[in-house]
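A quick write-up on the structure given underneath.
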Amino acid sequence: MRILGIEGTAWAASAALYNTHDETIVIESDPYQPDSGGLHPREAAEHMSTALPEVISTILERAVSSGNTDAIGIDAIAFSRGPGLGPCLRVVGTAARTLTQALSVPLIGVNHMIAHLEIGRHQSGFTTPVCLNASGANAHLLGYHRRQYQVLGETMDTGVGNAIDKFTRHLGWNHPGGPKVEAAATDGSYHDLPYVVKGMDFSFSGIMSAAKDAVDNEVPVVDVCTGLQETIFAMLTEVAERALSLTGSNELVLGGGVGQNDRLREMLSTMCTARGASFYAPESRFLRDNAGMIAVLGAAMYEAGQTISVNDSAVDPTFRPDAVTVTWRDDETSVTRTPATLDKTPVRGAEAIVRRINDHVVKRRVEKSYRHPKLDRRLRAERTRAEARLTSAARRLGVPTPLIFDADPETGTLVFEYVGETDLAADLTVSRCHAVGQHLGRIHNAGFVHGDPTTRNVRVDSAQNYLIDFGLGYHTDHVEDHAMDLHVFIQSVTGTASDPAPLITAFESGYAETGISTVQSRLRDIESRGRYH
């Protein structure tokens, strides 16, 4: 079978021919290069209109020359349906519809972000991976569950590549900015910048503002580039590890154009090696936007019968990956976590190694060799202090938490009471989720947040539901911060539960009984602000 793929979501006009028989993938691309500054949507669309017919023509000629007859011999057309820039997508959609009618072959509408994931799955052979997509307009973590790729975590403002480009435009550098930052960082020293992780979600806007201010205040550009790269990529690596810990997966796939950065791949590889996980990053031609990944996913969708009619083939600039029904992997195992049983054997979480000693638990935040040493020391100490203080503060409010016996921020070590029999994930019931909502409402009314209230960070037994691991928590009266706590919990339930809807309803009901009235309306705002809602 031979599939023609067409890509053109933003800057890359690309066509590809994928032969499933011998796994050959021929790609022809013509990227848009602005004369100055960043990517201009109108100019990108004009480039797409000119370049896309040319790359398609080249691939069609290749299809004829590589076939056994003079016929083109293409079985289906797959195209990027979204997400992306509307004007560019419309050019792609028109080209795909024209070809499918001219050749009388089926049409397949592909989600661009799932294609970034699936090319890595296809080439690695992984069975239940978490995928980190790091591209220009996007950054998110995906895992297959309940016939969808669930979003386990994502940027709450801008994509990682776009964030870096905003900084480089401030310097007067033209698009793309990522390779220029990578080159400059080789000569710089680490400069401290804000580090914003909330559960498995993250934010780049504050980092960009701080980086611009640093340059304006005459901090050497190379130092700011080093700090920017170390901070952003450490955040992405941390949330990837958190996703592995939450789901229990031991496989990580990297996708997206930012994945071409050597330092990001080094960090992810180091993290996976440390926790005994496998890591796969496709070669560069499959990381940047390309039609090869569209053709490969298109072939899988075609074999599963997931084609569309021309009348139903409208492009979607806001096409989220979790809106796609994944029929081509319908019989596969979900990315779901085996709940931890904390006995005397050490248990490794995302941040720490935890060991039970009789009725005590010793938790040590381990050094993360992927992070810059200065950043690592800062985070380990800050989070150990926060966990000790906020765990005790929550307990004083009547929220079930373990007693803290000792805390050493310098070594990142805590000693606390052993509580619960297993994680909430092992007994994820309506009543327990209702109780978690009540607990979060109480701490929010007291002026602080948990920071990472996933099903991994609630311990349960027959009598209680204990909140643990307040390391990402902090004091705040901002409704946005409180709503993010709710968002993190709901996201963890959605990504792992077999029937999340009644659990989420119970959780929100519990919060309404004890929490702040404006928080749930802000939660709806946050959900609508996620990338491409």
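Even glycines carry a Cβ here, placed using N, Cα and C.
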According to Swiss-Prot, H112, H116 bind Fe cation; which one of D223, D262, D289 is listed for that same site?
D289
Pick the one from D165, D201 that Swiss-Prot also lists for the L-threonylcarbamoyladenylate site with N133, A134, S135, G136, A137, G178, E182, N261.
D165
Quick one: give me the count of other CB atoms within 10 A of the CB of D452 (active site, proton acceptor).
27
Out of N133, S135, N261, which has the highest number of nearby Cβ atoms, where nearby means within 10 Å of its Cβ, if these are the binding-site residues?
N133
How far is it from I353 (ATP binding site) to G178 (L-threonylcarbamoyladenylate binding site), counting Cα to Cα, in Å?
34
Given the binding-site residues H112, G178, D289, which one's Cα is the least distant from that of E351 (ATP binding site)?
G178
Those recorded positions from H116, D289, G349, K363, D452 that fall inside 10 A of N261 (L-threonylcarbamoyladenylate binding site) by CA distance are none
In whole Å, note down how far the CA of H116 (Fe cation binding site) lies from the CA of N133 (L-threonylcarbamoyladenylate binding site).
7
List the binding-site residues among A137, G178, G349, K363 whose C-alpha is within 10 Å of the C-alpha of D289 (Fe cation binding site), in sequence order, or say none.
none
Among the binding-site residues listed as H112, V347, G349, K363, within 10 angstroms of S135 (L-threonylcarbamoyladenylate binding site) by C-alpha we get none
